[in-house]
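*Asks:* I'd like to ask you about the structure that follows.
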Amino acid sequence: MKSLTLLTICAVLSVSLSMNDLALDVVLDPAPDPATEPAPAADSSASSSASSSSSSASDSSASASDSSDSDSSSASSSSSSSESASAEVTTEDPAAATEPEVVIMKRDLASVLLRRKRAAGQAAAAFTLTQVESLSEVCELNLACEHMAETAGIVAAYTAYYGPPPF
C-alpha cells in the first residue's frame, strides 16, 4: 500500500513538473491586444490552419512560441491568442491545481480506511471475546490470513480466507 501511494505521489509530481514546463512557455507569450490585431485576411489563414486538425494546432502553437520573439508576429498573434486563452482556462498554475487533488486523494483514502475500521469494529462487536479468539487461532495457521487480520481485522480476514464465521 505504501509503494502504491509513493508511486501515485511520484506520478502526480512528474505530471505537475511537466505541466509547469509547458505553462512557462505559454505564460511567457504576451497576450495580444484585440485593437492591434492584423487585417482579416491574415486572421482567416491562421485560423483555418489552426482549426484544421489537432496536429496542425499543436504545430502552430509551437511556431507561435518560436516566432513571438521575431519580427513576424502577424501570423502568430491570432494562433497564440487562441492558445493563450485555452492555457489560461486549463493550466494557470499547475502546482496549485495538483495540490487539491492530492488533498482530495488523501481525504478519500482516510475516509475509506475509517469506514473499513468502523465496519470491522461493528462486525467484531457482534461476536463475543471467545468467538473472536477462536477466529484468530484459526487464522494464525495461515500467514496471509494473519497479516490481513492485523491490517483489516480478524473477522474480515477469516471471512476472506475461510468463509463466514460458523457462529
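Backbone N, Cα and C atoms are what each Cβ position is placed from, and that goes for glycine too.
Annotations for this protein, taken from Swiss-Prot, read as follows:
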SIGNAL    1-18  signal peptide
REGION    28-99  region 'Disordered'
COMPBIAS  38-87  compositional bias 'Low complexity'
DOMAIN    131-163  domain 'Gla'
BINDING   Glu133  Ca(2+) 3 binding site
MOD_RES   Glu133  4-carboxyglutamate
BINDING   Glu137, Glu140  Ca(2+) 2 binding site
MOD_RES   Glu137  4-carboxyglutamate
DISULFID  Cys139-Cys145  disulfide bond
BINDING   Glu140  Ca(2+) 1 binding site
MOD_RES   Glu140  4-carboxyglutamate
*Asks:* Pop the Cα-Cα gap between Cys145 (disulfide bond) and Glu133 (Ca(2+) 3 binding site) into the table, whole Å please.
*Replies:* 14
*Asks:* Do you know offhand how many angstrom separate Glu137 (Ca(2+) 2 binding site) and Cys145 (disulfide bond) by C-alpha?
*Replies:* 11
*Asks:* Determine the Cβ neighbour count for the residue listed as 'Ca(2+) 3 binding site': the number of other Cβ atoms within 10 Å of its Cβ.
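*Replies:* Taking every protein chain into account, the count is 12.
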*Asks:* Sort out for me which one of Cys139, Cys145 has the most neighbouring CB atoms within 10 A, since those are the disulfide-bonded residues we care about.
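*Replies:* Compared across Cys139, Cys145, the most Cβ atoms within 10 Å surround Cys139.
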*Asks:* I'd like the number of other C-beta atoms within 10 A of the C-beta of Glu137 (Ca(2+) 2 binding site), please.
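*Replies:* That number is 9.
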*Asks:* Counting across all protein chains shown, how many other Cβ atoms sit within 10 Å of the Cβ of Glu140 (Ca(2+) 2 binding site)?
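*Replies:* That number is 11.
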